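Colleague: What follows is a single structure, and I will ask about it in a moment.
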Amino acid sequence: MATVEENFPRGGTRKTHKLEKSFQESVEHDNLFDISTEEESTKRKKSQKGPAKIKKLKIEKKENSKTIKEKFEILSVESLCEGMRILGCVKEVNELELVISLPNGLQGFVQVTEICDAYTKMLNEHVAQEEPPKDLLRLPELFLPGMLVRCVVSSLSVTERGKKSVKLSLNPQNVNRVLSAEALKPGMLLTGTVSSLEDHGYLVDIGVSGTRAFLPLKKAQDYVQQKNKGAKLKVGQYLNCIIEEVKGNGGVVSLSIGHSEISTAIATEEQNWTLNNLLPGLVVKAQVQKVTQFGLKLNFLTFFTGLVDFMHLEPKKVGTYFSNQAVRACILCIHPRTRVVRLSLRPIFLQPGRPLTRLSCQHLGAVLDDVPVQGFFNKAGATFRLKDGALAYARLSHLSDSKKVFNPEAFKPGNTHKCRIIDYSQMDELALLSLRTSIIEAQYLGYHDIKTGAVVKGTVLTIKPFGILVKVAGQMRGLVPTMHLADILMKNPEKKYHIGDEVKCRVLLCDPEAKKLIMTLKNTLVTSKLPAITCYGDATPGLQTHGVIIRVKDYGCIVKFYNDVHGLVPRHELSAQYIPDPERVFYVGQVVKVAVLNCEPSKERMLLTFKLLSDTEPKNERERVGHDQKTERVINVGQLVDVKVLEKTKDGLQVAVLPHNIPAFLPTPHLSDHVANGPLLYRWLQAGDTLHRVLCLSQSERHVLLCRKPALVSSVEGGQDPNSFSEIHPGMLLIGFVKSIKDYGVFIQFPSGLSGLAPKAIMSDKFVTTPGDHFVEGQTVVAKVTNVDEEKQRMLLSLRLSDCTLGEPASTSLLLLSQCLEELQGVRSLMSNQDSVLIQTLAEMTPGMVLDIVVQEVLEDGSVVFSGGPVPDLVLRASRYHRAGQEVESGQKKKVVILNVDMLKLEVHVSLCQDLVNKKSKKLKKGSKHQAIVQHLEESFAVASLVETGHLVAFSLTSHLNDTFRFDSEKLQVGQGVCLTLKTTEPGVTGLLLAVEGPAAKRTMRETRKDSEPIDEDEEGDPALTVGTQKKHTLAIGDMVTGTVKSVKPTHVVVTLEDGIVGCIHASHILDDVPVGTSPTTKLKVGKTVTARVIGGRDVKTFKFLPISHPRFIRTIPELSVRPSELEEDGHTALNTFSVSPLEKIKQYHAGQTVTCFLKRYNVVKKWLEVEIAPDIRGRIPLLLTSLSFKVLKHPDKKFQIGQALRATVVGPDSSKAFLCLSLIGPHRLEKGEVAMGRVVKVTPNEGLTVSFPFGRVGKVSIFHVSDSYSETPLEDFVPQKVVRCYVLSTGDHVLTLSLRSSRTNPETKSKVEDPEIDSIRDVKEGQLLRGYVRSFQPNGVLLGLGPSVVGLAQDSHISQCNLPNKDLYNKYLPEGKLLTAKVLSLNHQKNLVELSLLPRDTGKPDVFSAAPELPLLKQKERRVDSEEQDQKGEKKEKNQKRKEKKSQRGQEAVKVPSKEKREPQRPQVKRQDKRERRESGSDLERANKRQKKTGLTEEDDSGVEVYYREGEEEVEEMKLLPKGRLTKPADVPRLQLTSGFVWDVGLDSLTPALPPRGESSDSEEDEKPHQATQKKKSKKERELEKQKVEKELSRIEQALMDPGRQPESADDFDRLVLSSPNSSILWLQYMAFHLQATEIEKARAVAERALKTISFREEQEKLNVWVALLNLENMYGSQESLTKVFERAVQYNEPLKVFLHLADIYTKSEKFQEAGELYNRMLKRFRQEKAVWIKYGAFLLRRSQAGASHRVLQRALGCLPTKEHVDVIAKFAQLEFQLGDAERAKAMFENTLSTYPKRTDVWSVYIDMTIKHGSQKEVRDIFERVIHLSLAPKRMKFFFKRYLDYEKQHGTEKDVQAVKVKALEYVEAKSSVLDD
């Protein structure tokens, strides 16, 4: 049809119009509105012939029989069809659907998935994810009742109950499906929904395929401000839009939603509307064609006719319409099949976009009598005229109770009926009626009519596990939960209730909005005559009512009433009798009768009681007496009651027991478990105060004794209090209180009234002299029953802690502390209720608060009294200890921290200690252990401060109720150190952290200074200098002043000048020449008048020196000098270095310079002397550099006095701090031959010592250099930290070689050297007797160490006259490290061989095996045979050797150097060596065995003893490579081999290579065979051993080469390193730097080129690093031409942008700004799409202070870069402005960006960071305030709240932190309330 319409759009030319007009009269009665026939309003055929006219006339005659009103039939559900487009009004908005009012009283529903595709997609995401999408609006936020919407009928269905349901869709894809892109014209009024938010506007879904509709931001601005309250449009938002512009044949359209344009929009002929695509809601100009009593027929858009029914005529003009009248009409619906168009003339529809205003009817639910019928419609219903003249309508289904009894005759106009208003149709502005008897007689029409507490009747619909559903009336259903099915809990409700049963229920809760109805079937509640409590306001004290128990706990029952109102019945109100276990007595769901005791509606709290009051008043006196007795008897011993304080007496409180006001007495000690808290509570409790949960201890006729001790109350509640002696058994633990104290013990009473005696002997674990010292009357105690005598009703008790433990002392201690502090908090709340401002202020003060107050006076005992607190009369005291050594005067302002508030004396204890006032904000961990210092002591707890942070911590002094006595030695003192374990990490309302004390053994006595806090870390100020610091002075540097010496300190003197100004003279400025050992400050006496010159000024707060130009100089402490040379006219010099940093100051001193310094203190912890050279230059002398005397080092304090002048040598500055490192024993260079003091750090058995020196140097002492006389246990006396005197033998790379021999360290003593030093074979003489230590046992003998690097071999035949049967015993009798005496048998210098003998005949000492059991002496021959047999058979021995063989294998191979390759220079190759080892290890042994067979050597050919000249393994670090050079070819493999480490007295020629030659390969083995054949004298074992040794040596050298700490020192070293790690750019760069240091630029270039060829092509970054280094090199040392060439190559081989950026950085750093600028301009042309380039250039310009140019670059960048990059670039430029340019401009840039993109949290975050760095606190807070009020996702909001909180914790006060927390809470509550809705 659409194509036909478009081909013939208007049905012909204008002639046709005339023709149509000419016979308009004849077609007046056409069948236009009869749905059954084909609709004729589409087009008028041009060629209508006569027969057609005749046909028409016939139809007209037929029509006469029908009534006209049938043509004007109004809409019914049956007349709707799928696809019908219809205008509706939003009637009701639920979470998941909209209820839409349709014309003619109809109603439809729109599901949440029928809004638009984009919204449905977001919903699906919401379902898939945990949290909702940030911009997803709920239906109630998108739609409001009264909104007009264009709908399309999506389906018509019949529900289970037979009701017809109309499903609608608002999705533009369905509503506007009839439009095509080509049909879109400017001016068309469409509806659409926002589908996405873009930078410059919104994409709107208008449902036209192939069309993108865009709504610019400007066009949406007015709508956003007026209709959307300034909020941006969101996805799914429904809009009326007008097409502004159509582009690309409908491909793109631009929209507008301006109110004025929408409301005046009219559909015109130019827009080419057809009946196919006509949409509801369009306003058209029309002409009345026909007027009938049931409506009008209109002609519109020239060719179309439509129908207006009577409901949609303009009410004011009804009856005034005439033919051809021009009107404006709104299209209501178009039937897709019949093409009937229905319109409305109501003015409200003629302004599109305007919502309907009248949404409800005021008489809803009213029953009306005698309402006349106005008209009847066969298929729809009937209209009625109400009394006020308004029209009402009843649908057909509501005209009778059923179709069967329906009689149309009864609805003739004028007939009257009884009906009820049931609804209101917004579209027709009509009340909807029902004539059904069931509805008229129904008690409730809607949920609104049902009131909570009402009794209603209903019918059981279904029985479910969760309860019964009951139908109340109409469509209303309610739930009866399982708990409420009967008075008792029902297991099988289906046995009592059946579907269809009528039931009588009572409404517990009715929520009309949520359509929620909860009811009860509990008979007691349904039939209850007592008043119902439906809100907390209804609950007046004394009111009795019924309720249901919903929870039973130890503390009582919670009872629920109507509307979710509930209250608590405390445990003591459950019954007149005590109930130990409420859960056994009461159950959930139980109906109970309760009385209201108290109710606080504002807090929604209610207290109830099950103890109901008597209803009847006593009638006469007798009755009253009886009544009183009866109520008095209600109080039983052990019962918990509430009491009211009447008055205070001397010993306690007179109280009245509620509710009967029975008099009772509460003694002061019974107010608390804590002895000290009783008097406090007594002091602050006032008459009229109420105390809850008070225990009745005893009761007589006129006297009731009460107790409020929590421990006793809980023991009674827990049923742990026996009522008779029969229940008590030995071993029971009971809680009671001290009743009386006697000399022989104390009597303990328990709550039930029973009592027992604790004799003196078992009263305490400590010795008891006087019981009164240990306990006081009324004290709470735990007692253990030891003995029970039932007959005499007596028991003996033990109060010893060892008997009465209640659990872990730590947990008990914490519990007692928590209770104590909780009670003190209760006292504070009592104080805050007082009228006195002073007391209220005291109540608000908590420990840890910092106050600014004024010193009032200093008392004789050294304590300070302050005034000027928040209240005039407030007394604040600081004890002498808490003065912290500060000099204070009256009127001075001080910052103090509160330690404790004495609530009895009304005093505040404060401290001036800076560590507490300025506590550190460090995060503490629960359970962490800390050192703390006791600051204040109370009776039951102490307040301490953490050493690390200064936080105040409370810890209990007792760990048990009985733990009250302390001997004087056990008592804690203020200032004492304790070890605490934290139990809380945040101070609560008490202001204190809670902790538990560690063992008492960890306590430390009071110290003058904390060791853990060295003074030198921060310059300490003299307290004397803080006096008068507030006074300004006008002194300048160079002024002469006169003053009086106020105090003399070791290193400075305090002087009082005129006007009370305080000055300071340093020890270095008193004398010109200071004699060493004297103290210059002693020259000045207190009271002496001195003339001095001002040489500087020290800042009061920081104690740093300020230049005279500094604004705070006038408030400095003047630094003075009284040196005679300074006082001369022109002799003075100012401290001109004070403005430079401390590190700069100490650079003026050079190593070796001698200075005079003054001792400030000896730091015991760090073991150094702290000295001052000048007022602003400090130094340190490590203890080891103070003397070479052990006596001085042991007691430095005896040798050095504080203030003493010392002559010291500068060693060097300490890089970490601004200190000079000094020495009192000359320059500490640790060169060869120097003697120095060191400290042992490690003792290595059988090897030696490791010794450390100041400044990190380390040395090794060989076991042979420990003493001049060797001993069996040479290292026994050495332990770590022992101070030793060392002689430096040699200095290696890192490790020094040392000797402790006194012949070296004290040569002047000339002590006898029993064991001479043997450092090489030349020190050994033939026939000499030497002592040495056993190194190891080898197959052919014993290796004996003779010196650090000399080892000799004693063969088997020269070890002993005996021969051990088992070689394993050698290890037992010759263990490693055993001291033996040996005789040198022979030396072979050429072969480097030493042969030893251990035989007694040679040494003169006993046989080495003399300690073994007697062994037969063997002849030489036998010994040989024996050894051969053992070689073949002794498997055990071979196993023992295997490990050693493996170790030495590598070393041996290394020595067998092939003759062919010996001329190669030695270059060890670590990697190649490893590979070679792996390749050959498997075949080494086989080859060795084969060779042995060939040579056929035996042990008899062995030549005796071998000595290896080598360094021990402990000296790996010292290894150096052999210099390059040719190696001589020895004729024979020598016995003695030298490694490459030592070159003292050995020529290179005598050394055998110990490293593999460079080109070694596996085939080199073949070359060795002839070479080995010459060694006929070597046995098989010897060769194996030799091989192992050399292998071992080699591996050690490898390790040395691979040591990461070893620094390369030559080109060869670097070559080796780069070969091992060819891809490491760092190594290549170090290699280049090595050459550049030697100014060998060409070699450095060559290394770079090598690196570029060597590094793998995959390692792009490594290669780039080398290119950058080469560019740097060319920039610094090359020409512009060479740099350009390298740059062009680098660009070819790397990512060009990176190379450009690196070169730009290189130019900038070398200050070649012109070249850098030119390069940046090249980059901007080549990489204009890269934001990094623009940002870098901007930063470059800003650093060059070219702000204007930088701004222009930003504009250019925005022009070139894609839009998505703009925000990031602007933010980056703003950051740069903050850092390098104008902060105000930066803020403006951020503000502009954020006004456009308020949801860019990354930009907000950067803005906040920058403002924190560069802005004020107010600015930061302003930004935070804005951010936390943004509408962001909760996750993002949480991030900003956390940042805000962290900021306030760091910079704000506690109040500010609290404010942020409150705001966060408000946000969370607001969010949760929105979700609840």
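Here the Cβ of each residue, glycine as well, is placed from N, Cα and C on the backbone.
When I checked TrEMBL for this same protein, it listed these features:
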type     : residues  : note
REGION   : 1-25      : region 'Disordered'
DOMAIN   : 83-171    : domain 'S1 motif'
DOMAIN   : 187-258   : domain 'S1 motif'
DOMAIN   : 281-346   : domain 'S1 motif'
DOMAIN   : 365-436   : domain 'S1 motif'
DOMAIN   : 453-522   : domain 'S1 motif'
DOMAIN   : 542-611   : domain 'S1 motif'
DOMAIN   : 638-709   : domain 'S1 motif'
DOMAIN   : 731-800   : domain 'S1 motif'
REGION   : 1003-1024 : region 'Disordered'
COMPBIAS : 1004-1013 : compositional bias 'Basic and acidic residues'
DOMAIN   : 1038-1095 : domain 'S1 motif'
DOMAIN   : 1152-1225 : domain 'S1 motif'
DOMAIN   : 1233-1301 : domain 'S1 motif'
DOMAIN   : 1327-1399 : domain 'S1 motif'
REGION   : 1401-1534 : region 'Disordered'
COMPBIAS : 1419-1438 : compositional bias 'Basic and acidic residues'
COMPBIAS : 1439-1449 : compositional bias 'Basic residues'
COMPBIAS : 1458-1489 : compositional bias 'Basic and acidic residues'
REGION   : 1553-1589 : region 'Disordered'
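How buried are these features, and what lies next to them?
Modeller: Within the domain 'S1 motif' (83-171), the DSSP-based counts of helix, strand and coil residues read 19 helix, 36 strand, 34 coil.
Mapped onto DSSP helix, strand and coil, the domain 'S1 motif' (365-436) counts 7 helix, 36 strand, 29 coil.
Mean per-residue pLDDT, taken over the domain 'S1 motif' (731-800), amounts to 91.
Taken residue by residue, the domain 'S1 motif' (1038-1095) breaks down under DSSP into 10 helix, 26 strand, 22 coil.
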Colleague: Is the domain 'S1 motif' (365-436) in contact with the domain 'S1 motif' (453-522), using three or more Cβ pairs under 8 angstroms as the rule and ignoring pairs under 6 apart in sequence?
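Modeller: These two segments do not touch.
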Colleague: Determine how many residues of the domain 'S1 motif' (1327-1399) DSSP places in helix, in strand and in coil.
Modeller: 9 helix, 39 strand, 25 coil
Colleague: With helix taken as DSSP H, G or I, strand as E or B and everything else coil, how many residues of the domain 'S1 motif' (281-346) land in each class?
Modeller: 6 helix, 35 strand, 25 coil
Colleague: Of the listed stretches (281-346, 542-611, 638-709, 1152-1225, 1233-1301), which one yields the highest count of Cβ-Cβ distances below 8 Å with the domain 'S1 motif' (365-436)?
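Modeller: Stretch with maximum Cβ contacts: 281-346.
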Colleague: Tell me the residue counts in helix, strand and coil for the domain 'S1 motif' (542-611), as DSSP assigns them.
Modeller: 10 helix, 35 strand, 25 coil
Colleague: For the domain 'S1 motif' (83-171), name the stretch out of 187-258, 281-346, 542-611, 638-709, 731-800 with the most CB-CB pairs under 8 Å.
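Modeller: Answer is 187-258, with the largest number of Cβ pairs below 8 Å.
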